[in-house]
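Undergrad: Here you go, one structure.
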Amino acid sequence: MSQKASPPSSVTSPSRVSDGTLSDQSNARRQRMEDMLSQHYIVLRRYLQGPSREESNIRSNRARDKLLRLSPVLFLELSTDVYDELLRRQAVVAASRPGPPRPEVPPHLLPRQEYHKKRNQARQKLSSLQDQRFKDLATDVFCELERRFPHFAGPEMNRRASPAPSMGGRFGGPRPDSNGQGYGYPGTPNGSRGPPPGPRGPGYHSGPGPGNRFPPRQGSLGAISATGLGINSEGMPDNAPYQKSFQNNTVVPNKSTMVEDDDADDDDDRRSDAFALDKVLDHRRDMMAGAGSAERDKKLADAEAQVSELQKKVEELELMHKEKEEEVNTLRKSNDSSSSWKAEKAEYEEMKRELEEQLSNTHNLNNAVLSQLEEARDRQKDAEMELEKLRQEQHSVDGTAGGNRSHDGDDDWKSRFEDLDREHESLKAKFKHQQEVTEQVRQQASAFLQEMRALSDGHNSNWDREERLIRDVHRLEAEVKHWKNRYAKSKTQLRHLRSSSIGLPDNIQDTNTIAKDNALTQPDGLVKDVHITKFQMAIDELLRIARSDEPSLVLGQMKGVVLAVRYITQDIDSAVNVNTATDDELTKIRARAKAQVSATANNLITASKNFGNSNGLSPVSLLDAAASHLTAAVVELVRKVKIRPTPEDELADEGEEDQLPPMQSPGYFSVAPSLTRFSGNESIYSAISSPPSLRSRTNSHSMSRNRLSGAKHGYPGLSPDKDLEELRLHLEDQTSSLVHSIQSLVASIRGEDSISAIQLHINTIADAVEKVVTSTETAMAKPDANPALRDRAVPVIEILARHRDNLLDIGAEASNLTDGTEIRELNSKLPPIAFQIARETKELVQRIDQIEYASQNNEEDDFR
């Protein structure tokens, strides 16, 4: 049935009720759909170990709003898919138990033709869910079943759902059915349940048991019970027999509508083929009956157990790696807080300087006050001595003169004494004031000293804490680096070189699949597999950091990618140095691939610097494109040199970080000038490619600047050949104008312009070709011309001259005609000739570019 068929009116009808049920359906279809959902309910209840014991846990995981808003048909599809995935998982568990051979269980639900493509994809993705997440999904479906069909949890559920099979009935689980026999293979359309018991062991029964009647799996919309969906209609009696209609109804989603198709001609009962395994089971039975080697099964089981054990180790290492990264991020955040401590330190230093200035001023003031006090004391002593002298003089005068003293003399001495006394009192007051000021200054200085001491103690503690955190960061970074190396080695031991998808767990592959995937692995390969693993991890980490909240960290991770690429090229160099007797052609191919890796690596470095320096303003797609180009170049290189498996003893001694020589170029990579042009023309669909006319000119100028800068810094073999460079630049300009003229010619021919306009374009193209040929011949005619220029440019010049003559002849012949049909026939011959001229001109430019590069360096450019 076509997926674009319009849905029937029974599906698109708006007659729906708010609790997700449908109305106006036949009782038989409703009953079948309710029986199917009741079967799902029983299996889910057993899987969840019974709602009566864990009802509190189940109710805490009620279905989300989206599950509540699902229509009945969509909810039936979801319940069916969860039910099928549950049976598949239980079959996987049963197949891993010891016992007789069992049918092979697929790794996921196989697609079915009657299902929509997106539904098949969703069914396959159910296998990637972990057990706990799948159990949560089953719990949500179980609770939604109880909400929509409350009578499922009632006492009548045991009577109505008794014919439903257990969840082990699809692949032969451990629980017996109602007749006491174990479940065998799924039933066939004629009612048989597999081959009779024989030498293959128990579990293969013939004939259906009385309790193994399946309700139809592929019921249409009408299979929903009126009672279960809450529609007011008569319900079916509890002891009524089940419908025996095995009508095949396909429900296909098409843009929020459901299309139902009843295929009356299909008599197959698809209940027995829930995983589309009929052909697989038949083929498996034939193989097991033909060759049932127990020894091979044992070896396969041992290999799978070993792979499972290694996978568990890898998961443990990944978990530890994530924990270490979280701890490093936490310490980095704490380290960021040290910047605030530095600001506080600056404030403390400023405050300390101010306090020291205040303390110095206070000391100066105190010294000044003390000096003044000493002066006042000296003056006081002098005054006291003078006063005492005056008193002695007065006493002597009083003794000698007796009562004959004059009144004027007494008044004079008395006034002098009073003056001295007043001066003495004023000096005492000043001295007391100076003492108070000195005490205040002393108290302030003591407070300032205590505050400075407290600040100094706090500052020292902050410095100690910062140093401790820095040591912890360095230690954790070293541990992260160590765990990354261990993770790379463990992943390499699995011999699984496929890069894992971000966010999805790796599927455990068997030995045959790993051998197919590792077709590039050879014992005599040049690149170690552990270095390929480190390159994959470096690229994944770079793209992850580019999408984080710290774009500046891209620069640090970019260095890791560069080192990973250098590991790969160092393996090739060491292998080539050991085995010098190699084919020259193979050596050239490898050198060209290495040069391509160098060019793409430089592009990645540029994109990473732009992204990091712009703080994330540069589009992350540019970084993705550069990483994609580098990965493609590395893969192409690995295809030519092959991968060598690293023995476990070499993995234990892996420590190449200290063995790498220092980088010789400021740009980390040396790029061949000829490949600078090629890296821009890798794909016409590249998101960062410039138009051809501008790209060639830009690449040529940048290449010229690279050569000049290389010569300036003293790199050997980079002195430019001026004649070849000028010829190349001239040819590139002529090529650009030639391409524009050819485009104009083609547009005029398609627009059926006049013959005069077309002739004008032909003359322009002929003039450009003439300039190309003349300039090349002039360069070849010089005495000091490169001999390779004559050898490689002459054939192209001859072809260009011949095409130019043909173009002019056709144009002249068309100008002499008057019949429009004949003119159109002649004009139709012009575009192929013009395109051939453009191709030959570009070929000439490319050859001159290669000659120029070969003249500068006799060997291919190497990765440094």
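Our numbering is plain: 1 for the first residue shown, then up by one each step along the chain.
Glycine too: its Cβ is placed from the backbone N, Cα and C atoms.
Straight from TrEMBL, here's the annotation block:
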REGION    1-31  region 'Disordered'
COMPBIAS  1-18  compositional bias 'Low complexity'
DOMAIN    63-93  domain 'GIT Spa2 homology (SHD)'
REGION    96-131  region 'Disordered'
DOMAIN    122-152  domain 'GIT Spa2 homology (SHD)'
REGION    154-270  region 'Disordered'
COMPBIAS  259-268  compositional bias 'Acidic residues'
REGION    322-345  region 'Disordered'
COMPBIAS  322-335  compositional bias 'Basic and acidic residues'
REGION    390-415  region 'Disordered'
COMPBIAS  405-415  compositional bias 'Basic and acidic residues'
REGION    646-666  region 'Disordered'
COMPBIAS  648-659  compositional bias 'Acidic residues'
REGION    688-720  region 'Disordered'
Undergrad: Who are the long-range neighbours of the region 'Disordered' (322-345) in its own chain, taking Cβ under 8 Å and residues 6 or more past its ends?
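TA: That would be 459, 462-463, 466, 469-470, 472-473, 476-477, 479-480, 483.
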Undergrad: Take the domain 'GIT Spa2 homology (SHD)' (63-93) and count its residues per DSSP category (helix H/G/I, strand E/B, coil), listing them in that order.
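TA: Helix, strand, coil within the domain 'GIT Spa2 homology (SHD)' (63-93): 26 helix, 0 strand, 5 coil.
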Undergrad: Go ahead and report the DSSP secondary structure tallies for the domain 'GIT Spa2 homology (SHD)' (122-152): helix first, then strand, then coil.
TA: 28 helix, 0 strand, 3 coil
Undergrad: Of the residues in the region 'Disordered' (322-345), how many are helix, strand and coil by DSSP?
TA: 24 helix, 0 strand, 0 coil
